[in-house]
Every structure is written in C-alpha cells, then in structure tokens.
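Undergrad: Quick one: the structure is below, and I'll ask about it shortly.
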2 protein chains.
Amino acid sequence: MSDQRVLRPTPISGFPEWSPEIRSVEQSWLDHIRTGFERYGFASVETPSVEALDVLMAKGETSQEVYTLHRLQEDAGAGDSSDARLGLHFDLTVPFARYVAQHFNELSFPFKRYQMQRVWRGERPQEGRFREFTQCDVDVINPDQVPLHFDAELPRIVHEVLSGLDLPSWTISVNNRKVLQGFYEGLGIGDPITVIRAVDKLHKIGAEGVREILVEEAGLDSEQASACLRLAEVKSAGTAVVTEVKRLGVHSALLEEGLEELGFVLDSLADLPGGSVMADLSVARGLDYYTGTVYEAAFDDDPGYGSIVAGGRYDDLAGQFIRRRLPGVGISIGLTRIFAKMVAEGRIAPGRSCPTDVLVAVPSAERRAEALRTGAELRGRGINTEVFHQAAKVGKQIQYASRKGIPYVWFPPFEDGKDHEVKDLGSGEQTTADPASWRP
Amino acid sequence: MSDQRVLRPTPISGFPEWSPEIRSVEQSWLDHIRTGFERYGFASVETPSVEALDVLMAKGETSQEVYTLHRLQEDAGAGDSSDARLGLHFDLTVPFARYVAQHFNELSFPFKRYQMQRVWRGERPQEGRFREFTQCDVDVINPDQVPLHFDAELPRIVHEVLSGLDLPSWTISVNNRKVLQGFYEGLGIGDPITVIRAVDKLHKIGAEGVREILVEEAGLDSEQASACLRLAEVKSAGTAVVTEVKRLGVHSALLEEGLEELGFVLDSLADLPGGSVMADLSVARGLDYYTGTVYEAAFDDDPGYGSIVAGGRYDDLAGQFIRRRLPGVGISIGLTRIFAKMVAEGRIAPGRSCPTDVLVAVPSAERRAEALRTGAELRGRGINTEVFHQAAKVGKQIQYASRKGIPYVWFPPFEDGKDHEVKDLGSGEQTTADPASWRP
C-alpha cells in the first residue's frame, strides 16, 4: 500500500460536514423541529432531490443557481441524454407545489405538510451561504383559496420551534407584497415589480442607492421615490403599522387589501413575546412567486448574516402545474445556515461521540459468550449497549469507554453464579447490578 | 392564469416519491432502523451528497453509474468550472472511508458509525433499481486491524433490525473473498479476480455460462473450471461449510485463513433462528473494495429481485486517503429497494395521512380565540393538535377530521364557564373533557 499514491481528500467548500459530537446535536435539532411541526398536525412529505428543469424554472428567476445532473459517461461523449433535463432542487417550495399538483386527486385539503431535506444552489460559497444545506419547511396548499389564518399560524410555529433551540435573539419580520404593490400603484407607478426589486436592496446599498435606481432605472420622480423610501422605513411591533402606512396618504384598493391582511396576521400574533414578530415594510423577498404575506427572520445582532427563516404566500405557483387555482403559503427554517453559525461561534456544546449507555467489558475470551448475553439482555430493555470488541485488560476497556464518553462499564461475573457489577465512570463508584432490572 | 401554458409534471423514472400515508410508514421504518443501530452504540454521521470525482473513483469500477454536477450557466458555456469535478455519491462506504481518513485525528477508534442517506446511480431504472434511493449503513473502521468480532456483529444487527419490519422471509448469505481467492490460487489459477467476476454472474447466466467465461476468457482448463463451479455450489447453514470446502481437496494458506474467518463469523451467529444466516460460496459482491467477509441478503421467494442487504470487509479502501493502514467492515440495508417492493405488493398498510390527534373545532369567529387557547394547551401537553382553519358548520369540521383520519374532534365551550367536549370519531361517543388533563 505504501507505494500507492495517497489521495488526500480536502473539504469541499460549501458542502458542510460535522464531527459525530456536532452531528448528534444537529440530529437533536432535526428531531425537535419535526416534533414541533407534527404538533401542529403537518404531515411529512419528501420529494426526489431532482426535478425536471422546466419545473424548476417555472418562475424562471433562479437559473444561475441550479445544479444539473449528467452521467459521467455523457461527459465522455457516450450519448444517452435521458437525464439531461434534471436539476437538483434549490428549495422545497417548488417541489411541493409540483407534488400537490401532480397528486392532486390523492390528497386531502387543505393539505398541510412539512418537509426537511437538503437543497442545492450552485452559488459561490461565503459566510452563511452553502451549496448544500438543509431546509425545514411547513406549507399549506388549498384549492381556490387558503384561509388567512394559516398566514398567521406559520410564524407562530416557527417562533415556537426556534424558541426551543437556545439561539441568540432573532426577529421574524412580516410584510405583504400587496401593500408594496398597492402603495406603488397608488403613487401612479406603472412597474411596481422593478420598485420592489430595488427596495429589496435597501439593506445592501442604502437609501441613496435605492433612490438612484428608482429615479434613473425605474423612471420615478423624486417625490415618488421619497414616498417609496418612507414606506420602506416603516417598522412596527404590531398592528400600528396599518395606521403608520395610512398616514403616508396613499390609496389604492390593493393597498387596502394588503393592509387588512397584514393587520390580521399581526393581530393574530399579538400574544407572542414583544419583539419576536415585527411588521417591516422593507421586506420584499427576492423570489418571484410570492404574492401576499412575506416572512423573513434574521439574528438581531447580525442582520447582515442573511435570513435564517423565509417564506410567504404564493397564490400562482402550484397552479402552473395543473389547470386550476391552487394557492399556498409556507415558511422555511434555514437549518444549516443557523446551525453552522452556532458551530462557528462555539455556541454548540458538543454532544456525545456515540449513543452508547453501557460498555460491557470482556475480560477474557472465555467470558465473551456471557458478555454477549448480557449485552443482548440490556439492549432488549432499551439500553444502548456495546460489548467490547476483544478480550483485553480491564483498564484498556475502561479507557475506551472514557474516551468515547460512555457513562457506564459493565462487568459480567468471572464465573457463573457470581454477581454482575457496573462502574459509573462519572462517580467512579462500582456496585453489583442485575442486567434484568438495572437502569442507567 | 387560464391563458398560461400548463406544465403537467410527470413522475421521473427511478426517483420514487410517496403519498403522505406511505411516507409516514417509511419514516417509522427509518426511526426503527436508527434506534436499532444506536442500540449497538453506533454514532450518526452524515456526509455531503457529493464527493470529489477522484475520491469516488478511487477504486475505479463504478464510473458509468456516477452523476456529475454542473451549473446550469456552465451548460450555456458561461465558464467557471469550479464544481466540474464533483459527483453525487453512489454509496455510503466510499464517503465514510474518506471521512475517517480526513478526520482521523478527531475520531476515537474503533470508530463505529451509522449513516442513513440518499445515494444516486445513473443507471437505467428497472424493477428494484432506482436512480435515487436511501441506504442505511453501519460500519467500523480501525487503524491497523478490525477485530473479526465486528464481521460477526454486523449481520446480527441487520438481522435484528429487519426482523422488526414484518418482511417476507429473507436470508443473509455470508462468504469470504479470501476463501474464493485462496481456493483459486490453490488450483494454480493466476488471475483470481477474473474468476471472481465470472462466478459472481452465476445466478444471472447459469453454470454453463460461467464455465464458458472461465474456459474461454480466463483460460482455465476444464478441471479447474469444474472445481470453481463446485465451490460456488457450496451452501450451508453453519460452520459445516468449512468441512464441505475442505472436502474439495484444494489447499492454500489464503484459503485456510479465509475458512477460519468464515467459520468464526458463522459460529458467532449460530444462535440466530435457523435459515436467517447462511454460508453461500457463490456470493462474491461486485465492488472491488471488498477483501474478506462479504454479505448479501435477498428475499427467499424472489432472489432475482436483487440484494436487499450488502456489505463486507474493505481492508484497503480508507487507507488510500491517508498514509496508513485503515481497514473497515460494513453492511448496508437497501431501504428504498425493500420498501418500494413492499409498497408495490400492497404489503404496506398505509399510515395516517397526518399526525394530528385532535382537531379543535371553531363553531363561530367569536369563539376562535378560545379554540386557539385550547389548541395551545393541548399541544403544550404533547398532543398533536390542529385548530380548524375557519369558522364553519360543525358537520363540515367533523367531515374534515374524518377524511384526514384525525381520531378526535374537540369542542370548546360555546360560552365561557361551560364544559369542553370531545368526540371520539371511532366510537361516535361525545363526552365532557378538561384540556388540562384529557389524554387521547
């Protein structure tokens, strides 16, 4: 072997992986989130990692981020391109919308699902941006209309789930696309989408940068631009947002509708602790499929890290895949983005390196059978148990347990009829014990 | 919307997805397997879905099955090929070997991990062969040598896990590459690998087909070919296999070593129910990285469906990624292959379409706040609870619960101070209940 070339693997940038101690914490987070979603009655769905490219591109705007699949043989020019039109999904919303349309006749509505899967984006990796990451989504899709009640329930679920994860403080910001679009229409602006895109850059390029785009690219006059910027500055802890926007003196039917929806959502969440949910009129969300309520959350002390929660209402997405109206609303927790930051900042206390509760020692080859029986008995009672992999000095076996963080070492009797003993490595105490009744 | 093109999505062949009722069963299987693996002290590891192509190709033989990733922009000739050398992993063994070599200094050995992830193969889909599927692996890697005890423990774990899944009967076949290679060497055959590959096709092309390859391609004489075929016919319920092989009168040091290992493994598993583990000398496993013990399991009544469990010992795989000897042994449950067959044959009783235990009815908009409080109280006590999404006639709400398989409908009092009531949709019985103490 020593004459072989050694192929030293290096980490692949943007594709995180964790040590067993960190992975065990990540798994506990995933279990916590899953339990939280099920507590509200959402059903688990998983979709393939790939979708047809035309499904992924149904809204067209994320083309540059999609990874397509090719067979290695194809690269070498071997032909068969049957997979050529497949891409890895870049979120879980588009696959879910496709799923509901495709299985429409088999589902009960309103269809409420959660989905916790990896997604991929062919982006340049940077802080908080990964090329492979796990998202945890809850969504509701219903034919014809989705009751606004769900727009209010989703941030509540996320609030509850995140509150159980011991994170630095965060705020869920809520807005409504209809408020933005209706306000711009009320100002007599013909192309509200361009304005939404410009205002979405507020935190990146500042008010003067946005004003420049509004005036020079979107063709707004100075007064219109100022009104748009004033709207984006509105931030409020509750339904006061409605009054604040109305005070700006702009009117349109769509604006009224949006304000009513936004007010309903904020009102429904008024019982949550102060500051956890805010109206923020600068939030627009980049994805084209949002049509009403939008959500976004960030860490209060590091808003520039990017959104850790995102979502909104998409009234026209699933309908593209079936000939009927199929609106939806959903919210997504950026698990990897949150978790990676906590790991990088040393805020994750490493978990155990293995799930073993008890190591059964094997002092001699002759006693292995007895050790195996003991191990089986403990396992049968739901205790995670390893039997040491070889006969060895007891000190070596205790050392192994201690290195792996296994809390107990079990000693089967040296001869039949004698007592079992168990050593608590934490206290150092060793006592007799019965494998039929002992509990860690 | 009606004037838009409707993009009717169709299933993508080889990429399975399940209804919520089936998915909930799959999730319970995954939980069962995870618990089983942890019961034996294996730690969870996940690796990225991609590896560098040179890592995937370290053993060279699966090139035609690998999916490589490309950014959509690249396809259009836009340049940047920084991802060009990434492929989706085709199994979990190669990524794990790479993981251990890369993180060698951070791990405690023997390192025992389980890994349950999707893998991808760019194969033509057919019965039992998917392009995306989930594998559930347990492996042990240790520097210098892995005690043979692990070769025996892994099939025991799989036996225990599969026994809990209510499957039609299956058999785990065990063999040892050293027995095959040692036997061929003892016959004076210069190229045992070619013979192993030919004999591996026995079940596909039959004894005459294998004989033809052995004589015409591998250059064996007729007597050598007959001996190889006799070896492949050996099948035995226990350590009798050692006697049977010895009776064939071939000798070599490697053969002796292999028989000793195979005998040890079978002897260690002798307590398992008859027929669940067998020695089968025709089992070779296609993958080049196996060096000793090999495992394979199939359904007894449909062996042609393909292996549902596979694995073996790979003494030289992880060592390729680090300058030291790093042998391993592992076994993999082909979850999707097993599950898909059970689904196709109607052997999976559909689970519930949602995890909701209780639907809290909202008889009028005025009583929504009371319904929300009741829902929160029940959830706080660990009961999965939905509050109906709108005020509606009670009959409609009961119908919704019944359609979704929700077992209980809760009625908050129509006015404060009155009793709550709960209806058991199974029995039709309706009784008063206290949200602070009621249990489903």
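Placed from the backbone N, Cα and C atoms, the Cβ positions cover glycine too.
Okay, so TrEMBL annotates it like this:
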- A:D91, A:L92, A:T93, A:R121, A:Q135, A:D139, A:R285, A:Y289, A:Y290: L-histidine binding site (BINDING)
- A:33-363: domain 'Aminoacyl-transfer RNA synthetases class-II family profile' (DOMAIN)
- A:419-440: region 'Disordered' (REGION)
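Thinking about packing and proximity, how do these listed features fit into the structure?
TA: Across the region 'Disordered' (A:419-440), the DSSP tally of helix, strand and coil residues reads 0 helix, 9 strand, 13 coil.
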Undergrad: In sequence order, which residues at least six apart in the same chain have a CB under 8 Å from the CB of A:Q135 (L-histidine binding site)?
TA: A:D91, A:L92, A:Q115, A:M116, A:Q117, A:R118, A:V119, A:S332, A:I333, A:G334, A:L335, A:T336
Undergrad: Compare all C-alpha positions of A:D91, A:L92, A:T93, A:R121, A:Q135, A:D139, A:R285, A:Y289, A:Y290, the record's L-histidine binders, and send over the largest distance in angstrom.
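TA: So the maximum pairwise Cα distance among the L-histidine binders is 21 Å.
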Undergrad: On average, what pLDDT score does this prediction assign to the domain 'Aminoacyl-transfer RNA synthetases class-II family profile' (A:33-363)?
TA: 92
Undergrad: Taking the Cβ of A:Y290 (L-histidine binding site) as centre, how many other Cβ atoms lie within 10 Å?
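TA: Its Cβ has 25 other Cβ atoms within 10 Å.
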Undergrad: Could you list the residues of the same chain, at least six apart in sequence, whose Cβ is under 8 A from the Cβ of A:R285 (L-histidine binding site)?
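TA: Same-chain residues close to A:R285 (L-histidine binding site) (Cβ under 8 Å, separated by 6 or more) are A:D200, A:V294, A:Y295, A:E296, A:A310, A:G312.
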Undergrad: What three-state secondary structure does DSSP assign to A:D91 (L-histidine binding site)?
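TA: Going by the DSSP assignment, A:D91 (L-histidine binding site) belongs to neither helix nor strand, so it counts as coil.
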